[in-house]
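In what follows, a structure is listed as structure tokens, so that the remarks can point back to it.
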Amino acid sequence: MFLLVGLGNPGKEYEKTRHNIGFEAVDKISYEYNIPIKRERFKGVFGDGRISNEKVILLKPTTYMNLSGESLREIIEYYNIPITNVIVIYDDVDLEVGRLRIRTKGSAGGHNGIKSIIYNLNSEDFIRLRIGVGKPQRDMVSHVLGKFAKEDEKNIEEVLKIIPELAYTIINQGPQEAMNKYNNFRAE
């Protein structure tokens, strides 16, 4: 069983912001594999289904970003999901818009949602799928809570389009194969 988590903030005012790209990515997977995300529990909304022959749970924590780890801890404990089968999708300001980076472990890199997950799981050994949202030209909070510039929207759509295939690759062929295939991806 795999847990795919998209990070974001709840509420209409945060929709389509850079910080909510994880929610959008999980919505894309939900649509592509017909896994509705409608059940409310574990401090989030989730749904379960299959990608290929693997059972998967899709989760969008409804805590704010800096408390995301609480939601993950609850669902992981309930379903007894191995931490190495957890895939967290989130925004990364250190990657340019349209870039992807997959890692199997590591530090939080300054991301408060990832800090919360590492703290609550007491582990860094989960898979991270980072989506580039670009460096801020002004302060960080305004940047991540802001919407994408018109010229960036095409690149973001291109990235979101390949997310379901990327998730399939991680689940069926492993994270190393996904890294080989997608870590050099650049939306043009």
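Sequential numbering from 1, following the chain as shown.
The backbone N, Cα and C atoms fix where each Cβ goes, glycine too.
Annotated tRNA-binding residues in Swiss-Prot are Tyr64, Asn66, Asn112, and among Tyr14, Tyr31, Tyr168 the one listed with them is Tyr14. The tRNA site is set by Tyr14, Tyr64, Asn66, Asn112; from the centre of their CB atoms, other residues of the chain with a CB within 8 Å are Asn9, His19, Thr63, Met65, Leu67, Ser68, Gly113. Of Tyr14, Asn66, Asn112, all annotated as binding-site residues, the residue with the shortest Cα distance to Asp91 (site 'Stabilizes the basic form of H active site to accept a proton') is Asn112. Here the C-alpha separation of His19 (active site, proton acceptor) and Asn112 (tRNA binding site) works out to 11 Å. In the three-state DSSP classification, Asp91 (site 'Stabilizes the basic form of H active site to accept a proton') falls within a strand.
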